[in-house]
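Comments concern the structure below.
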Amino acid sequence: MSNYAVGLVIVLYLSMLFVIAYVAEKNKRSKWTNNPYVYTLSLAVYCTAWTYYGSVGIASSSGISFLAIYLGPVLAMPLWIVLMKKVIRISKQHKISSIADFISIRYGNNRQLGALVTLTCLFAIIPYISLQLKAVSETFSLISAKGSYQSTGFFDDSTFYIALLIAIFVAFYGTLSTDTSEHRKGIVATVALESILKLCFFLAIGVYVAFYLFDGTTDIYQQASLRENFDQLTTFGGLGNGFNWLFTICLSFFAIFLLPRQFHVAVVENDNENHLRKAIWLFPLYLLLFNVFVISIAWAGNIRLDATVNHDYYSLLLPLQQNDYGLAVMVFIGGFTTVISMIVVSTLALSTMVSNNIVIPYGFIKTLVEGNPEENAKRIKNIRRISIFLLIIAAYFFYIRFSVQLSLYSIGLISFLIIAQLAPSFFLGLTWRRGTARAAETGMLVGLAIVFYTIFLPVISNIARPNVDVLTEGLFGYAWFKPAQTFGFDYLSPESNAFLWSMAFNTLSFVAFSLNTKGNYRERNYAEMFVNHENYGNLQEGGFIWKGEAYVADIKRLLNRFLGEQRTNRALQLFNRKYNISETEERADARLINFSEKLLTGSIGSASAKILLASVSKETPISLVEVLHILEESKETKANNKLLQEKSNELAAMAQQLKSANEELRIQDKLKDEFLDTVAHELKTPVTSIKAASEVLEDADMPAELRIKFLENINKDSDRLDTLIRNILDLEKLSGNRTELEMEEQDMSDTIRKAIHGVEQIASKKGVSIKFSKKQNVFATYDEDRILQVLTNLLSNSLKFTEPQKGKIKILLEELEAEVSVIVKDNGRGIPDEDKAYIFDKFYQSKNQNIKKPQGSGLGLAICKKIVESHAGTISVDKDYKKGALIRFSIPKEQ
């Protein structure tokens with residue numbers, strides 16, 4: 001393919017990323033950008049060109065050795081649910097936006113330490129970015145059929161322009177806000193999409209190689225096993241190789257926590273710590289999928305390709321060998337996505353660290369103090385944008401000078417080695433209060449010096465002046481001090497040798513200086529808040545120690561210069577409301593100082609925030625005794641607050657229960673009033689009818705036939721009165737548990753037939769059919785009179801609500817293992833949905849009784865429920881039955 005065609009593909013791809021980032025940034029609150037899957041996919045920024053290309057190169061010569069850089073993150077994942085959650089909570093409360101801020105704040109907001117961490121990250125990541133540029137340059141040359149990886153001129157090098165395009169993308173979307181603790185959903189969305197693309201494209205080339213070029217993975221294994229070096233690819237390699245595996249796993253374990261890009265996506269961009277629960281298993285699954293075909297591609301390349309080609313690029317060279325240019329372009333784009341995502345997030349994180357920990361605190365503080373909010377925001381954004389361009393240009397020059405001579409694997413390990421020097425100060429700082437800023441600085445410097453001596457010195461010497469005496473004879477002529485074989489450990493790889501001694505002396509220096517030096521009160525204060533973070537919760541300001549003189553007006557003016565008046569006023573109002581502080585308060589206390597420092601940290605970093613607040617306040621040194629006393633008071637306050645909160649929650653729960661009980665009483669009172677009205681009406685109606693009929697019967701001249709009719713009416717009304725009174729008395733006995741049940745083993749089929757017989761005449765007269773699926777010998781222990789009462793009531797209701805001549809009632813009897821169930825269903829008008837939840841309540845009447853005035857007292861089904869419950873059974877209405885009404889009751893076989 002021509003250079004222009006490949007260049008066009010790159011431009012179109014970057015344009016797509018711009019669009020996606022723009023849409024995601026406009027829809028920050030969308031569920032598509034705020035979910036655990038996007039969060040997990042953003043963590044896959046860990047998979048860079050080293051993963052995409054370098055793993056194949058290692059697998060082609062060393063077999064499964066490439067897996068070590070993935071085992072570290074997999075082993076780290078279970079710790080995330082505890083350790084990373086703690087880091088996220090601390091970072092959110094202190095508005096931390098980078099690993100440099102995190103470490104410097106832990107050690108008393110130490111400016112020098114923050115700068116040292118930033119420089120360490122620069123030394124680690126600039127070579128790593130150069131690794132990505134190397135991969136782009138070399139794969140661009142392969143796919144465009146150029147003869148050389150490097151261009152002869154500076155401005156005709158395609159890699160330089162690709163780097164500039166990436167810088168423009170990051171500078172635009174990474175600096176939209178001056179508050180670096182805010183989420184950048186545009187960039188996170190593009191990284192998540194790229195994680196999907198690179199995985200899919202790598203799996204695609206894996207399937208192509210295994211099942212198109214070969215007859216499956218077994219075929220690849222069989223052909224590879226015939227080659228001379230096959231044993232080297234399938235054996236562990238002795239003690240030295242075992243140590244190399246162990247140290248590489250440790251390096252990758254530290255990297256998943258400490259790499260600036262990983263800290264940024266895992267901590268700064270996290271908006272819900274519960275996302276960790278999915279990430280701890282989804283991310284290892286992602287890494288597993290990414291490595292499924294690595295061995296197949298590597299061994300296939302060994303079989304099909306010439307030994308002189310670069311093994312790292314087998315995945316691209318194999319389709320090119322078959323003239324499958326479409327697949328080759330897809331593989332190239334997959335590799336390009338790994339480069340883009342890594343450079344984007346890394347330069348974003350590094351530019352924040354450079355501006356907040358070096359440029360602003362050491363050069364622009366005075367300028368920013370004198371500026372207004374708009375000018376300051378513009379200056380801060382420009383500082384970060386310039387930092388982004390300078391970082392990528394520095395990585396480009398490192399690539400030209402050094403990366404061409406080194407493999408992807410070597411550059412990656414060197415970067416991991418340097419970043420690992422942060423591990424003692426980070427991990428021990430989270431778990432050990434004795435750690436001090438001086439100890440952290442000393443440990444890092446010692447570790448970096450050893451890395452330089454054991455790794456960089458040989459690399460630089462071999463490029464600039466080979467066969468330097470120190471490399472062959474050791475420092476001062478002592479063989480034990482050879483850079484690659486320190487203390488005579490000649491069976492370790494150079495990287496493992498460097499890791500062992502740098503981490504050993506780094507950790508020992510940290511511990512020794514911590515035990516022999518005392519940090520100032522700020523260090524002890526932050527050590528307590530970080531290590532015992534759970535003691536302070538959301539009231540971190542209450543645990544901050546500060547003594548001196550400061551005024552609210554001065555602090556407010558300072559905040560206005562960086563946050564603007566509107567944002568400052570809103571923040572201070574929320575603060576005053578949280579701690580119940582009067583807005584007329586003139587003096588600032590430790591809580592306001594800490595709160596203001598956090599606000600400024602989000603915009604200009606912790607080091608600059610500390611300097612600025614010191615400029616508007618007079619701080620008084622605090623003794624160790626005072627620090628311990630204040631911390632103890634803070635703990636007690638926290639404990640009291642927790643106890644008070646628990647009591648408040650208990651009172652709130654009791655108040656809610658009381659409210660619910662009152663509401664229930666109100667409803668019951670209302671229902672009872674309605675019931676009494678209904679009963680009074682039902683009693684009045686037959687009584688009035690009886691009285692009227694009696695008065696008519698006083699007429700001696702009344703015909704006999706008419707007299708008989710009036711006597712029948714009196715009879716019916718008397719029966720109605722008797723039924724109503726018996727129902728009221730019956731319900732009252734059942735509710736008070738004053739009814740003794742006569743329990744006997746009965747055949748439920750017989751009881752059902754008795755109930756049918758009792759209503760048969762009414763059903764026949766109305767033209768309603770009653771069917772019962774007979775089932776013999778369904779025995780249970782129950783009071784037959786009471787269950788007969790239930791059945792009769794249910795059948796009477798069904799008869800009442802079915803249409804004459806069309807009505808159908810069906811009774812089903814089901815025998816289960818421990819209970820008997822009876823179902824009564826009809827094809828009547830059914831029970832309205834709004835009534836189904838209440839029809840078994842006392843005093844409740846359904847309003848849909850053939851659209852006529854409700855008849856009855858509303859006690860029938862309530863009595864049924866009480867009878868069934870007295871048998872330890874249940875009764876319910878089927879809410880989904882729409883063809884009429886379906887009521888089921890069940891009772892145990894044995895009581």
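Positions of Cβ are set from backbone N, Cα and C atoms, glycine also.
Going by TrEMBL, these are the annotated features:
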TRANSMEM  6-24  transmembrane segment
TRANSMEM  36-53  transmembrane segment
TRANSMEM  59-83  transmembrane segment
TRANSMEM  113-131  transmembrane segment
TRANSMEM  158-176  transmembrane segment
TRANSMEM  196-214  transmembrane segment
TRANSMEM  242-259  transmembrane segment
TRANSMEM  280-305  transmembrane segment
TRANSMEM  325-350  transmembrane segment
TRANSMEM  386-402  transmembrane segment
TRANSMEM  408-432  transmembrane segment
TRANSMEM  444-464  transmembrane segment
COILED    641-671  coiled coil
DOMAIN    678-895  domain 'Histidine kinase'
Chain residues in Cβ proximity to the transmembrane segment (158-176) (below 8 Å; excluding those fewer than six residues from its ends, i.e. six or more beyond): 3, 7, 10-11, 14, 17-18, 21, 25, 133, 136-137, 140, 151, 184, 186-187, 340, 343-344, 347-348, 351, 381, 384-385, 388-389, 392-393, 395-396, 399
Spatial neighbours of the transmembrane segment (280-305) far in sequence, C-beta under 8 Å, 6+ residues away: 36-37, 40-41, 43-44, 47, 51, 55-60, 63-64, 66-67, 70, 73-74, 77-78, 80-81, 195, 199, 202-203, 205-207, 209-210, 213-214, 217, 220-221, 223-224, 227, 233, 311, 314-315, 317-318, 321
Interface-richest range of 6-24, 59-83, 196-214 toward the transmembrane segment (242-259), CB pairs under 8 Å: 59-83
CB contact flag for the transmembrane segment (113-131) and the transmembrane segment (6-24), at least three pairs under 8 A: no
Positions whose Cβ lies under 8 angstroms from the transmembrane segment (59-83), at least six residues beyond its ends: 46, 50-51, 232-235, 237, 241, 244-245, 248-257, 276-277, 279-281, 283-284, 287, 290-291, 294-295, 297-299, 301-302, 311, 314, 412, 416, 430
Outside the transmembrane segment (6-24), six or more residues from its ends: residues with CB under 8 Å to it: 30, 32-33, 140, 143-144, 158, 162, 165-166, 169, 173, 185-190, 193-194, 329, 332-333, 336-337, 340
Residues from the same chain, set at least six apart from the ends of the transmembrane segment (408-432), whose C-beta lies under 8 A from its own: 48-50, 53-54, 57-58, 69, 83, 86-87, 99, 102-103, 106-107, 117, 120-121, 123-125, 127-128, 130-131, 134-135, 248, 250-252, 254-255, 257-259, 312, 439-440, 443-444, 447-448, 451, 455-456, 495, 498-499, 502-503, 506-507, 510-511, 514, 527, 530-531
Residues from the same chain, set at least six apart from the ends of the transmembrane segment (386-402), whose C-beta lies under 8 A from its own: 122, 126-127, 129-134, 137, 150, 159-160, 163-164, 166-167, 170-171, 174-175, 343, 347-348, 350-351, 354-355, 359, 459, 463
